[in-house]
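Peer 1: Okay, handing you the structure first.
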Amino acid sequence: MSQEHEHGLPPKSSVSRWFLTTNHKDIGVLYLITALFFLVFGGVLALLFRLELISSGADLLGSMGYNQAVSTHGLLMVFWFISPFAFGFANYIVPLQIGADDLAFPRLNALSYWLYLFSGILMGVSFFQGTTFAGGWTMYAPLNTPAYIPGEGLGATSVVLALIMFTAAVTLGSVNFLTTMYRMRAEGLRMRDIPIFSLSINLTVWMMLFAFAALLAALMILASDHILGTTYFQYSIDGTTMATDADNPGASLLWAHLFWFFGHPEVYIVFFPALGVMAECFQTFTGRRLVGRKWFIISMVLVALQSFVVWMHHMFLTGINLPIKTIFMATTIGISLPFDLMVFSLIYTMAKGRVRFTTPFLFSLGALILFIIGGITGVFLGAIVLDYQFRGTYWVVAHFHYVMVAGATALFGGLYYWYPKITGKMYNETLGKIQFGVYFLGFNLLYFPMFIAWETPRRVFVYPDGLQIWHSMATAGGFILGASFLIMFYNLFMSLWRGEDVGPNPWEYATSAEWAVSSPPPLENFPGVPSYATGKLEFLDDETVTERTERAPGAAAHGHAATDGGTATDGGAVTARAAATATAMEPAHETAGEEHASHASFWPFLVSLGGFIAFLGLSGVRTGSVFYLSLAAVGGVATFGSLVGMTREPFHAPEMAIAERWPFERVEKMKLGMWTFLASDIVLFGAFIGSYAFVRVAYGWTAWHHDLIPAEHVTMPGLINTYLLLTSSFLVVLAMVAAERESKRGTVAALVGTFALGVGFLINKGLEWQHLFHISTEAFPNGWGLSTNIASSTFYLTTGLHGAHVTIGLIICAYMTIRAWNGAYQGDDRAIEYFGLYWHFVDIVWLFLFPLFYIL
Amino acid sequence: MAVSLITYATVVFPLHGGDVRAPSAVFDQIFEVFLLLGTAVGVVVVAYTMYHALKYRDDGAGTDPYADKVERPEMGEMPTGGAGGRKVFYSFSISAIIVVSLIAWTYSQLLYIEQGPDLAQEEALEIDVEGYRFGWDFVYPNGHTTNTLYVPQDRVVRLQVTATDVFHNFGIPELRVKTDAVPGQYTSAWFTANETGTYAAKCYELCGSGHSLMTTDVVVMPQDEYEEWYAETNETDAGGNETATAAETDQRITAEATALGGAPA
Ligand code: HEM
Ligand SMILES: [Cu+2]
Ligand SMILES: [Cu+2]
């Protein structure tokens, strides 16, 4: 019976539901629980090395043990705990707040989650492969390359691969959230009108989309150094030459730039959702609207933009020149100012309020106070003369824990705030307050002494005796902080049974839509179609919806170009019929008019499991071990097979009948998803090309050509490939035209032509590479392979990444050819258009690579 | 002989380092000002926050003392901003002025630290520093190489720092000098020490198992003693370099680590 009701989803009590579900609320819960698990994992590691630090010396963990604990603690907390924890809330709450019934691509959402979980498992497995990664969470080069990793170094490779998997999850998630927020807002809800938590998530995912693409580039290069033997981050000198005469003088700084270009936006990626939670809790528990909301939002937008131009403040000591230092000092101070404004906005929101000191408010207020301290100490670091001395010391450690863990503090407040919504039960308020007390005490006892003992270099276990008292105090604080979580877990777990039942809204003055529905909300979220058209939340019944959509002028054909400024527009509304057929992303072979959305798919889990096995295998293939090789093969096949399965599975995720879609009224969700994805891909390639330019300039732009590239590396193969790709792009356009004209033969022929040209491109490339691998000249007696020098590494890896894009395109093209043969796409060329977007993009990338790697 | 050499050295190269404002003095001054103002701002803002939180605390009686003055948010309303934006703006402006003027003030000091004291170039003592896992080589102008840094008191010392394997960071905390040791390039830093004695130099960038123990001594000597020492390195240069090989350093590190209870891998 309940099967029927939940549209193919087993009940929540059944284990299988949690493997199958694609519903945003279920996935939100999965994220929250998994993230809390990684909090405990990272926390236990921290307690271990805090124990080590009670006194100077490494008598507990040993020096490598200490380095591993410190490094994995940082990675786990930053990647596997804090952002996923925030995204647990984002998953659960954002669709409810903006009036959507789910995310735009529910299966991709499930896929994000499973990739995240399995990436964490891979991280865990790395501990059992000898040693895990021990080079700090910032993973500086060349300490992060196999040459400097003790033993076989497989654990470290696994960590790099785990991070890649994590990044994949993040990228899918960003695409999904952006598409959802721009295409599925309740009628009348302009972008600026969405509740502040959702807004903070919107800006977070924008930053994620670009920052993580840069990280992905760094990680892919690093993985290639580990597995394929390229030498981007490798540096060696033969003993006679020094410094700039070396074989790859840009190695170390290349990593630093790539990492911090990601790393600085990452700190706001971590903090923004927390800011959103704080603002929500402040509004609700003071009974006041956020003061200066507009400026608060503008501040966040400014920070999000500026976050990409401050990264070198982590590199003030690397010998960058004074003008650049000055610029980055200015941007750093510039980015701290909007935060001042946000802090004051929160403070004044309390004025004339009815401030109720509930647990969520206590955590939010505590977070604000901690953040003020963290922010002030950050300004110290922005003063370069001070930073010179603070760099690499506990001052930095104390500063970033005061800001980042302040963020975590707000998120714990969020956990209490939304707990009744998610579970339908009230937690125990007394225990909550006790936890806050213990937490706040433990936090300050742990991190404040670090300011006093700031002269301690970070990541060392030896410090002067005079500082022991502060380090012991910090260790005590760490255990108190840890203990506070036992209270929280006990409270939240017991309240599942003992907690009082709550109605839709347990908090006076809460306003956002998640509180307008029952706790927990039903699978479909709302009792009707949510609308703010009248300026207030209403739920429209089916009849009103049909009426309205039929009235919408020209909606079916053109959408509706409503401006963001208009009030209560029905902008972008499409007719119900169009909505039902516009299924996008999820393949188009459902019958039109099928009412119910799908909520279950096993494929995301299988794809991720396959990916996990493949990556685990990859971590060890360089040893030539049969075990690892077969894991990689099995995993690869499993991933591919499940991806095909997922594509062929009928899955229905209808577009909303009425929605606010500014500024993308005319861009279907599939196309918007493709656009956002390609935007991140541009950054990925941009980072690869930037890396190439960087190491080449460090080496000497012209000497590079002269010293490192064989005469056999000629222009011709590249030129031919340019023609092949350009022609194939043209054929995709023809395929679209043919499909529009309903010419099945034409469609198939053009697709086959595209495919053939793409294959020709790859064959040509293969021949070229074979030739270069095996040349034997005076300068390159052993051929010009991936590991020969830095120029060959950049050439093979960058054009190889492009080749991989071509290969993926060809797989999709083959699949579409078969479907076209069976009569698909006739009269509806959208799928071909989406593929075309991707294919043209790959084409354009080549137009950049060709001159860079063949001519200059 | 030795005495006349020293006299010669002192006469030809008058050593002015003592008049120079040391980086440590610059740091101490800025840090002090920041600590004072930072604490003041922190205390004021936190107190202000707590004042608001407590003043507008709900009395729990279910009554709303501001009922006639303000309109409370209602379920399902469109999010809008509350009143009081002007106060936010004023407070923000004050804080922005404090922050910007503080940083601007430090900028002139930064220029000083960047450019170094205005002495004729030849007066500074130039020493190359090479970091390696897990120790430091100090290369003097005459090619002599040591593992301990010997420098004269009251003299400007310029370091050219690099690394031969991974990223390190060379710092002498008490003298407030620090810079990255990046393989493949040189970075520079300068300092002057007004007091003789032995200081510690440390590595500030994680570089592997021996990182925690990658420390060495910096010996600041009276100028004449230094000149004497330096003159001798000149004479014995042929075979007398006291540098340890990497293997020896590893042994030292392992021994120290074992003494501390942890064996580096
Ligand atoms: C008030 C504005 C802030 C300023 C002016 C500021 C400034 C800085 C500077 C200059 C550094 C580099 C220190 C060094 O390594 O020498 C730094 C490090 C750091 N900051 Fe901030 N910061 C601010 C806010 C934040 C926020 C909001 C977060 C995160 C929530 C954050 C997280 C970090 C982290 C994680 C590091 C250390 C990275 C590492 O080396 O491992 N900061 N900050
Ligand atoms: Cu930063
Ligand atoms: Cu080190």
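Every residue gets a Cβ built from N, Cα and C, even glycine.
So TrEMBL lists the following for this protein:
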type     : residues  : note
DOMAIN   : A:12-533  : domain 'Cytochrome oxidase subunit I profile'
TRANSMEM : A:27-49   : transmembrane segment
TRANSMEM : A:113-134 : transmembrane segment
TRANSMEM : A:154-178 : transmembrane segment
TRANSMEM : A:199-223 : transmembrane segment
TRANSMEM : A:254-275 : transmembrane segment
TRANSMEM : A:326-349 : transmembrane segment
TRANSMEM : A:398-419 : transmembrane segment
TRANSMEM : A:431-454 : transmembrane segment
TRANSMEM : A:474-493 : transmembrane segment
REGION   : A:549-571 : region 'Disordered'
COMPBIAS : A:552-571 : compositional bias 'Low complexity'
DOMAIN   : A:591-856 : domain 'Heme-copper oxidase subunit III family profile'
TRANSMEM : A:602-621 : transmembrane segment
TRANSMEM : A:675-699 : transmembrane segment
TRANSMEM : A:746-763 : transmembrane segment
Peer 1: Sequence gap of 6 or more, Cβ distance under 8 Å, 3 or more pairs: do the transmembrane segment (A:398-419) and the transmembrane segment (A:254-275) meet that?
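Peer 2: Yes, since the transmembrane segment (A:398-419) and the transmembrane segment (A:254-275) share at least 3 Cβ pairs closer than 8 Å, they count as touching.
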Peer 1: Checking distant contacts: for the transmembrane segment (A:254-275), what same-chain residues at least six beyond its ends satisfy Cβ-Cβ under 8 A?
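Peer 2: For the transmembrane segment (A:254-275), the nonlocal Cβ contacts are 78, 82-83, 86-87, 89-90, 138-141, 144, 197, 200-201, 203-204, 207-208, 210-212, 214-215, 217-218, 221-222, 232-233, 300, 303-304, 307-308, 310-315, 318, 342, 367, 400, 403-404, 406-411, 414, 687, 691, 694-695, 698.
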Peer 1: Need a quick answer: max count of Cβ pairs under 8 Å to the transmembrane segment (A:431-454), which of A:113-134, A:326-349, A:474-493, A:746-763 is it?
Peer 2: A:474-493
Peer 1: With contact taken as 3 or more Cβ pairs under 8 angstroms (pairs 6 or more apart in sequence), are the transmembrane segment (A:675-699) and the transmembrane segment (A:27-49) in contact?
Peer 2: no
Peer 1: Who are the long-range neighbours of the transmembrane segment (A:27-49) in its own chain, taking Cβ under 8 Å and residues 6 or more past its ends?
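Peer 2: Distant Cβ neighbours of the transmembrane segment (A:27-49) are 18, 21, 60-61, 66, 69-70, 72-73, 76-77, 80-82, 84-85, 87-93, 109-110, 113, 116-117, 120, 124, 415, 422, 461, 478-479, 482, 485, 489.
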Peer 1: Taking a Cβ cut-off under 8 Å, which residues six or more beyond the ends of the transmembrane segment (A:474-493) line up next to it in the same chain?
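Peer 2: Residues 36, 39-40, 43, 46-47, 50-51, 53-54, 412, 415, 419, 427-428, 431-432, 434-436, 438-439, 441-447, 449-450, 453.
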Peer 1: Can you work out which residues elsewhere in the same chain, 6+ from the ends of the transmembrane segment (A:326-349), have a Cβ less than 8 Å from its Cβ atoms?
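Peer 2: Distant contacts of the transmembrane segment (A:326-349): 275, 278-279, 282-283, 286, 288-293, 295-296, 298-300, 302-303, 306-307, 309-313, 316, 368, 371-372, 375, 378-379, 382-384.
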